[in-house]
Amino acid sequence: MLKNRQLFSSKRLVMIITTTVFSFSSLTTAFFLMGMKALPYFIWAAVFYFIPYALIISEFTSVYKNDSGGLYQWLSDCLSERTAFIAAFLWYCSYFVWMISLFMKLWIPLSLLLFGEDLTKQQSPIPFLSTTQLIGVLSIFAVGLTLFVVNKGFKQIAHLLYASSVLMFLLVFISFGSNLILWLTHPGEILPHLTSSIHSASAITGDNTFVSQLSFLIFAVTAFGGLDTIASLVDKTGQQKNKFSKLVVFGSFLIVICYFVGLLLWSGALNWQELQADQSLHLGNLMYALMNDSGQRLAASLGGSAEMIQFIGQLFTRLTALTLLISYIALLSSIFYLPLRVLVEGTPKHYWPSWVRARNAKQMPTKALLVQGSLIILFISAITWGNAYVTLLYNQLTMMTNISRALPYLLVALAYPAFKRKYRTQTELVPSSNFLPQFLSFSVVLTIAVSIFSQLYLPLIEKNYLQMFSLAIGPLFFSAIGAWLYQRFFRKRMVNQ
């Protein structure tokens, strides 16, 4: 077994940080929806949200490097215990709902890896189970397997995260490299492709107006999401915890470079208008279809035979499927544990019954993980065997978590100036002036606020009031549950005193 200093070397941590936040799926989706028009929104999100937020997170991790509380610890120390718990609960709920979705999406990359095509939309091979029910059964099995792996200890999660990061770096290298070769072999097509994607109507709204495309900003912001989760493992990094804050900043710049270079290379290598005209493309198969097309174009540009062109296309598709499958497994194993750890182990001991906090020999909260896994299985079963109303309810619940996930980021940014004043002598990445911490905080808060407003605005002008209501009521609903739980914990503490 690898020792901590080997498992968490600086290089490995940078790879894990980079690939946990960077999403190849978000990159290809951004290219398909907006082409080069996505770049200004990614620049906005990077300059005014992600880089400032990465600096903020890096400073929090440098001070709280020995604590397991993560987001809860940061907010309770700088704002209030009540605000911290409600924010941590909002944050946890968004990950809980996302886990349900990820468990049910595992089977698309597995199908593509094994068979070269997505069989999840075809008829089930088992007579007494529909395709949806078969996916549900497999997803329940995956929950049980994830629970088993996570209970084996954090090192298993770390091994998965590292394997995922290696594959993701390989996929990015092959993707960017093949698109660069297409640039070099077809230089005359670069400018027309770039111009086409800039001036064509957006695939989101069908027009090019700034206001209608502003809702894309929240997509760009969420494409940079996940840094808070990976930051919550700082106390698990052994000898690297003293370097962790600097590694977060370095990894953040790599993430920004990957998105910018990726958008530019994809937009110059492929004809965006032709992709929009292809009726077989949709967000579910987009990433795999783009890689297949990129592989075929690469083989053709290098003079490959028809068989070789087909083979390279399939090779690219299956490499993408393998990478996404391992990435989903690694992501699920990490978010199955880390958000729950913050909520249960990072909060004061009197919040939860002793059995909830109980750990096994590998220092994992076994019973809390079992309760979480059981609830996920319950939700998957309801979606699989329930009626249309249950599915509609889950879809609305998913929408309710979109803004709920962004609000804790906003609160962390709001807490930063107070944190900087409190720990002025213990932080070194950001100079301890009065202006810079305030500017970083304001920049992140403003960007998140604008992205939330734009997400609410689009369904309003489209008169999709149910979607707008779900987006708006989500934070209120989850906050109300969090406030009720906190009040119970507070009364319990008063009684015990």
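From the backbone N, Cα and C atoms, a Cβ is placed for every residue, glycine too.
Per TrEMBL, the features are as follows:
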type     : residues : note
TRANSMEM : 12-35    : transmembrane segment
TRANSMEM : 41-64    : transmembrane segment
TRANSMEM : 85-108   : transmembrane segment
TRANSMEM : 128-148  : transmembrane segment
TRANSMEM : 160-184  : transmembrane segment
TRANSMEM : 214-235  : transmembrane segment
TRANSMEM : 247-266  : transmembrane segment
TRANSMEM : 319-340  : transmembrane segment
TRANSMEM : 369-390  : transmembrane segment
TRANSMEM : 402-419  : transmembrane segment
TRANSMEM : 439-458  : transmembrane segment
TRANSMEM : 464-486  : transmembrane segment
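Under 8 Å from some Cβ of the transmembrane segment (439-458) lie the Cβ atoms of residues 44-45, 48-49, 52-53, 55-56, 205, 211-212, 214-215, 217-218, 220-221, 402-403, 406-407, 409-410, 413-414, 416-417, 430, 468, 471-472, all in the same chain and six or more residues away from its ends. Recorded stretches compared: 41-64, 319-340, 402-419; the one with the most Cβ pairs under 8 Å to the transmembrane segment (369-390) is 319-340. Nonlocal intrachain contacts for the transmembrane segment (319-340), taken as residues 6+ away from its ends with a CB within less than 8 angstroms of a stretch CB, comprise 19-20, 24-25, 70, 91-92, 95-96, 98-99, 102-103, 105-106, 109-113, 142, 146-147, 149-150, 154, 156-157, 160-161, 163-164, 167-168, 170-171, 174, 229-230, 232-233, 287-288, 291, 364-365, 368-369, 372-373. Cβ atoms under 8 Å from those of the transmembrane segment (214-235) belong to residues 16-17, 20-21, 23, 26-27, 29-30, 33-34, 38, 41-42, 44-46, 49-50, 53-54, 57, 60-61, 64-68, 70-71, 91, 95, 154, 202, 204, 241, 244, 248, 252, 255, 259, 334-335, 338-339, 341-342, 346, 402, 405-406, 408-409, 412, 447-448, 450-452, 454-455, 457-458 of the same chain, restricted to positions at least 6 beyond its ends. Outside the transmembrane segment (160-184) by six or more residues, the chain places 7, 12, 15-16, 18-20, 22, 24, 149, 190, 258, 261-262, 265-266, 268-270, 291, 294-295, 297-298, 301-302, 316, 319-320, 322-323, 326-327, 329-331, 333-334 with a CB less than 8 A from a CB of the stretch. Using a cut-off of 8 Å between Cβ atoms, the transmembrane segment (85-108) and the transmembrane segment (12-35) share fewer than three residue pairs, counting only pairs 6 or more apart in sequence.
Stretch with the largest number of CB pairs closer than 8 A to the transmembrane segment (41-64), among 12-35, 247-266, 402-419, 464-486: 247-266. Here the transmembrane segment (464-486) has Cβ contacts under 8 Å with residues 81-82, 85-90, 93, 396, 399-404, 407, 455-456 of the same chain, all six or more residues outside its ends.
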